[in-house]
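Peer 1: Copying in the features that TrEMBL gives for the protein in this structure:
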DOMAIN    44-296  domain 'G-protein coupled receptors family 1 profile'
TRANSMEM  7-24  transmembrane segment
TRANSMEM  30-52  transmembrane segment
TRANSMEM  64-90  transmembrane segment
TRANSMEM  102-123  transmembrane segment
TRANSMEM  143-166  transmembrane segment
TRANSMEM  201-229  transmembrane segment
TRANSMEM  241-263  transmembrane segment
TRANSMEM  275-296  transmembrane segment
Amino acid sequence: IMLLLNGSVFMPSVLTLIGIPGLQSVQCWIGIPFCVMYVIAVIGNSLILGIIRYERSLHKPMYIFLAMLGATDIALSTCILPKMLGIFWFHLPEISFAACLLQMWLIHSFQAIESGILLAMALDRYVAICDPLRHTTIFSQQLLTHIGVGVTLRAAILTVPSIMLIKCRLKLYRTTVISHSYCEHMAVVKLAIEDVRINKIYGLFVAFSILGFDIIFITLSYVQIFLTVFQLPQKEARFKAFNTCIAHICVFLQFYLLAFFSFFTHRFGSHIPPYVHILLSNLYLLVPPFLNPIVYGVKTKQIRDHVLKMFLPKKP
């Protein structure tokens, strides 16, 4: 039950997502490229998952991590896009408070899982290039399982308190209208009348403890990889080793550059128009799932060969 107290709302049961503030008149058109990106993301990542699942020669750490990334990308984009298209195309902006918190938790959890998988992929390439003789021993099936469980638990456990802090601490809201196209942590926190410093501090802590930790170790891994590659005597060996990392570096850069740009503009870019914030946040969640299968499909020979084999008829 919603009670109005001096214009504020006590424990709202329903929230309203307005989409992209300032661009409501053209949201139906913005939804078209977003939908195309989502369809390509789902098809591309499903294709990679199917190839890795049924091709036994690809049951190696590098491709297993790629399959984990593909599954996470499908889940992440599915958390955001169906509801977003409901707002853009069918004028269905309402979302229950519980569903909003669930969407928030899923989105931030899958973002953290994706970051953890990118770290695992960087460490896999580091061992494969810098200590190739021990690669098979180190990256055993048991370790891969532990990594998968570990990055999932880390994400779920670290993001739960931010949801609980909203649910348990914030009772009075100045409005139930969220100036966003999905339930983002800061967008919901800013609706509250109470002191939200703890919520903001914990949000920053999670962002830097996950993204900050991962990006430091990924950067260190690639610095060491490049030092090792440039010391190889043969030019062909250097090129081959460097080429195996190109796809990872492209995915790593587009994920973290978009993440930090969106993160800092949302918190510190008060002079930037709201629609820029929201578009950046949307692109941050939709571009990586869309680009990842394209990057890996083009740059990874084994994946590319299997895709061509599926779609091009065999010569008689």
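Positions of Cβ are set from backbone N, Cα and C atoms, glycine also.
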Peer 1: Could you name the stretch, out of 30-52, 64-90, 102-123, 241-263, with the greatest number of CB pairs under 8 A to the transmembrane segment (201-229)?
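Peer 2: Looking only at 30-52, 64-90, 102-123, 241-263, the most contacts with the transmembrane segment (201-229) come from 102-123.
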Peer 1: Most CB pairs under 8 Å with the transmembrane segment (64-90): which of 30-52, 102-123, 241-263?
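Peer 2: Looking at each of 30-52, 102-123, 241-263 in turn, the most contacts to the transmembrane segment (64-90) are made by 30-52.
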